[in-house]
Amino acid sequence: MKNKKKIIIILLIIMVFLGACIFGYYWHQNKYYIKTDDSRIAAATIIVSPQITGKITSWTAQEGSIVKAGQTLGRQDTNSVASSSAISVKTLPQTGSMSISKAEIVAPVTGQIIKTAVQEGEIVNPNQTLAIIANTNDIYISANIEENKISRIRIGQPVDITIDSVPGQTFQGKVSEIGQATASTFSIISAQNSSGTFTKVTQLIPIKIRFPIHPDLQLLPGISAEIRIHLAE
């Protein structure tokens, strides 16, 4: 009987100890760190558009290819400019050389083509999206932090980063920007409820985290990541 009581007491002590350890761990994590998996690789993106109306006679840009600023991506048929409502036949001789230069479609920045939206033979107009280039020199982590935690975030705080496509590695970065509005503020669908009922939802504040990137790593925009922000430093 005494042995049984001793065993029960020992088990209770072990349970209390384990409970204290678990509590201490989570208390330490919540006090000194903010973690979230609502984060992903992001990059500055630039839209490639034509300067004139015309038919695409050649288009060499392919999704996933790396291009340099000023590199030719495609060309338009300059003869089709004459039929454009924006340029009359009388003014064509004076604008001929200008039209030829504008008919060449070039990459505005160095980066990776992540989307193409045109084919040879297609007639395109100015400001129409032909391709989207991700600036590979401006890659960062985009993360969303709950509104009740954002007051603890400061620019310059160190961040541990793990990226799903690079398992087993932890990258070191720093908070570089803190959003000045919630993520839902810029949503196409309004978050305002006019039905007379309201359910409070925790809002998210976007932040940016910069980190050094090894040139051999291919980090595509949208790849999932997980971050841990150090609050103590």
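Including glycine, each Cβ sits where the backbone N, Cα and C put it.
TrEMBL does not curate its annotations; it predicts them automatically.
Features reported for this protein in TrEMBL:
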TRANSMEM  7-27  transmembrane segment
DOMAIN    46-134  domain 'Multidrug resistance protein MdtA-like barrel-sandwich hybrid'
DOMAIN    140-178  domain 'CusB-like beta-barrel'
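Here the domain 'CusB-like beta-barrel' (140-178) is broken down by DSSP into helix, strand and coil counts: 3 helix, 26 strand, 10 coil. Averaged across the domain 'CusB-like beta-barrel' (140-178), pLDDT in this predicted model comes to 93.
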